[in-house]
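K.L.:
One structure is given below, represented as structure tokens, and several questions about it will come after.
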């Protein structure tokens, strides 16, 4: 079916796992290590920022960021990330992945350092400059999403491509873990050097003047891993798929990949030109042809990522309650500023170590065995179950002695988010769209996720407030309460499960097989119908290919050890495409 495929692309598809694969994972993965460090380290220091810049004389509690300032400090990077995903995703298809890859990393490094150098004489100016630099930090982070995913998918072979792309994303877990560990080291070192009493003993002395250095050092350290890999990003050759299929330079693609794979590859300029001349390889993003071929795929990848991030980021709304309930974070007034940073960092580190990091690497290990669809479906299903298990008996979990069970279920939701849609929503958009639109479509999908993250992180922060305004957090209006918020999140996860059926399975298939770029029109049409792509005929509404769920059902068969009954005609169709029910 892919008989017209270029030899350079075939060579990449069948290449054995080599050192260059791991080099690409490290180079791209260190960007995601930095992304996670920069995005999540701010939550470690917001309490300290409140103590330093918003102390209220005579108050029985340490100073805290006002709701609007807290929302700005925590959310401005997410807004920048959303913008960066759209802009750099588009730019990666227009100028090439490599040409803009170093730009994102340098932007991240510069803004990490600038965030720690936020200046001003009063709290308002310090917070304003911090937000300014963190927006542009997020802008650079956003660019890393589509570029890293696209580069890794286009470098990988088709047998282990899912594991390689997931491994890049899994570096986020190590970034979160490292942020917590580094914050613990810095705060412990300053605490040992500059002794300070608890807030309830001496409110002023509890925040030592040197505490202002702690949050700055933690934020600035995010530049280091990015700078360490900057040189290697510049040395990476452009991916052969962009060079051949988009830039249409067969000679350069063959030359670059001959060096990478250490084999002689024939340059096929005539075939590249023939592929480019085909009408089916020239449609743009805002065309009817794209809508027919990939419109529902883009809807599937965008909507599932959007719903996943609502649930994933909103879990922070009850994180502080869990940590306080089990004694990981004592009352703020019983600690000084350094101790509070240390205890918050320790709690984040434990969660990352026990659930976040293992979940990512379970996906890496199994994604090319049981498939993207099965992992995403299982993840959404388990998140739905655990969210309702937290929500329905919520009053039971609030009683003393029941907190451990709550923490276990809470950790499992994180585990199945990462061994589930948090990883697969990153992998799949880098595999199913044409090379000339791949980075753009990944950026759109990722930006949809960040929109969900903004809603989850801040919309639910207001929504989860106590229904009695007098019991709501200072500065917040009454909400629907934590229990009802958890029920809403359970529904969100269930919707994600349903929309997963719009996303095709790409396990074991080449990128060109998924997009049909190098097939003739009839073969591409046949392949698209068999993979469940959606088409419309003139004068007819959208119809669904007969086997739209066949690939997904095969993954479920493998996952649950069952065999679904199929007609002889379906079996013949699947045999004709090499689909034997396992993929």
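Just so you know, glycine gets a Cβ as well, placed from its N, Cα and C.
Note that the structure is predicted; figures quoted are calculated from it, not measured.
Pulled the feature table from TrEMBL, pasting it below:
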DOMAIN    24-508  domain 'Major facilitator superfamily (MFS) profile'
TRANSMEM  20-45  transmembrane segment
TRANSMEM  100-119  transmembrane segment
TRANSMEM  163-190  transmembrane segment
TRANSMEM  213-232  transmembrane segment
TRANSMEM  350-367  transmembrane segment
TRANSMEM  373-392  transmembrane segment
TRANSMEM  404-423  transmembrane segment
TRANSMEM  443-464  transmembrane segment
TRANSMEM  485-503  transmembrane segment
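Burial and contacts for the listed features, if you can.
P.N.:
On the 0 to 100 pLDDT scale, the domain 'Major facilitator superfamily (MFS) profile' (24-508) averages 89 in the predicted structure.
Below 8 angstroms of C-beta separation, residues 31, 34-35, 38, 84, 88, 91-92, 125-127, 129-130, 133-134, 136-137, 139-141, 143-144, 147, 151, 215-223, 226-227, 229-230, 233-234, 236 of the same chain, each at least six residues beyond the ends of the transmembrane segment (100-119), sit close to that stretch.
When Cβ-Cβ distances below 8 Å are used as the criterion, the transmembrane segment (163-190) is approached by residues 21, 24-25, 28-30, 32-37, 40-41, 44-45, 148-149, 152-153, 155-156, 208, 210-211, 213-214, 217-218, 221, 225, 338-339, 341-342, 344-346, 348-349, 352-353, 356-357, 359-361, 363-365, 367-368, 418, 423-424, 426-427, 430-431 of the same chain, each at least six residues removed from its ends.
Note on the transmembrane segment (350-367): residues 162-163, 166-167, 169-170, 172-174, 176-177, 180, 319, 328, 375, 411-412, 414-420, 422-424, 427, 507 of its chain, located 6 or more positions outside it, place their CB under 8 angstroms from a CB of the stretch.
Packing against the transmembrane segment (373-392) from elsewhere in the chain are residues 304, 308, 311, 363, 366-367, 406, 409-410, 412-413, 416-417, 419-425, 428, 483-484, 486-487, 489-490, 493-494, 496-497, 500, 503-505, 551-552, 555-556, 558-559: each is 6 or more residues past its ends and has a CB under 8 Å from a CB in it.
Listed by sequence, the residues of this chain that lie at least six past the ends of the transmembrane segment (443-464) yet keep a Cβ under 8 A from its Cβ atoms are 71, 74-75, 78-79, 81-83, 85-90, 92, 142, 145-146, 298, 301-303, 305-314, 316-318, 425-426, 429, 476-477, 479-482, 485, 488-489.
Listed by sequence, the residues of this chain that lie at least six past the ends of the transmembrane segment (485-503) yet keep a Cβ under 8 A from its Cβ atoms are 296-297, 299-301, 303-304, 307-308, 310-311, 314, 317-318, 372-373, 376-377, 380-381, 383-384, 387-388, 390-392, 394, 421, 428, 432, 460, 463-464, 479, 549, 552.
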